[in-house]
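Among the features that Swiss-Prot reports, divalent metal cation 1 binding site is placed at 36, 72, 73, 138, with the record citing similarity to another entry. Among the features that Swiss-Prot reports, divalent metal cation 2 binding site is placed at 76, 81. The domain 'HD' feature in Swiss-Prot is assigned to 33-143; the stated evidence is sequence analysis.
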């Protein structure tokens, strides 16, 4: 039987868990992990049929990308938000988050818990059109947030510090729309 209350409490932790990259770069009032996941889900929500085509020409499942965006960082509610600069290997990060997802999904009934775990695993494996697109959401949401921080009057001194976020994503987008949006955002920064 599902323990919905426990699951909802775990999800609630993401509302107050600040994104570590912004904290480490001295951003005032940094977004939460929940904020990040919400805008990613909205990215999936607003795409129309013509944009839901993968590199292989196959249709992308819209509902799946929305759900995947909502669960991709769920494990961080128990283990925290790691950055590439943390002293932890990718494999260690993966194992910590996998164990957290298992613990979290064990609070739900088998079918629902399995769906969440499978979505998370598909995102981590990054082999499907849906996972590749949600990875693009993840990267684009980050640089869009960096852009927004740079435009805030009290953050202007952070412009050089936030350049690394843009550098880390340059040339790494798969979907044509997000390749284009990333280039447009870079142009808007000038």
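The backbone N, Cα and C atoms fix where each Cβ goes, and this holds for glycine too.
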Residues in the domain 'HD' (33-143) grouped by DSSP into helix, strand and remaining coil: 78 helix, 2 strand, 31 coil
Distance from residue 73 (divalent metal cation 1 binding site) back to residue 81 (divalent metal cation 2 binding site), taken between C-alpha atoms, in Å: 8
Chain-internal residues near residue 73 (divalent metal cation 1 binding site), provided their CB is under 8 angstroms and they sit 6+ positions away: 14, 33, 36, 37, 81
For residue 138 (divalent metal cation 1 binding site): intrachain residues, at least 6 apart, with Cβ closer than 8 Å: 40, 72
Spatial neighbours, same chain, of residue 76 (divalent metal cation 2 binding site) - Cβ under 8 Å, 6+ residues apart: 14, 17, 33, 82, 97, 100
Binding-site residues compared (36, 72, 81) - the one with the fewest other Cβ atoms within 10 Å: 81
Average pLDDT across the domain 'HD' (33-143), rounded to a whole number: 97
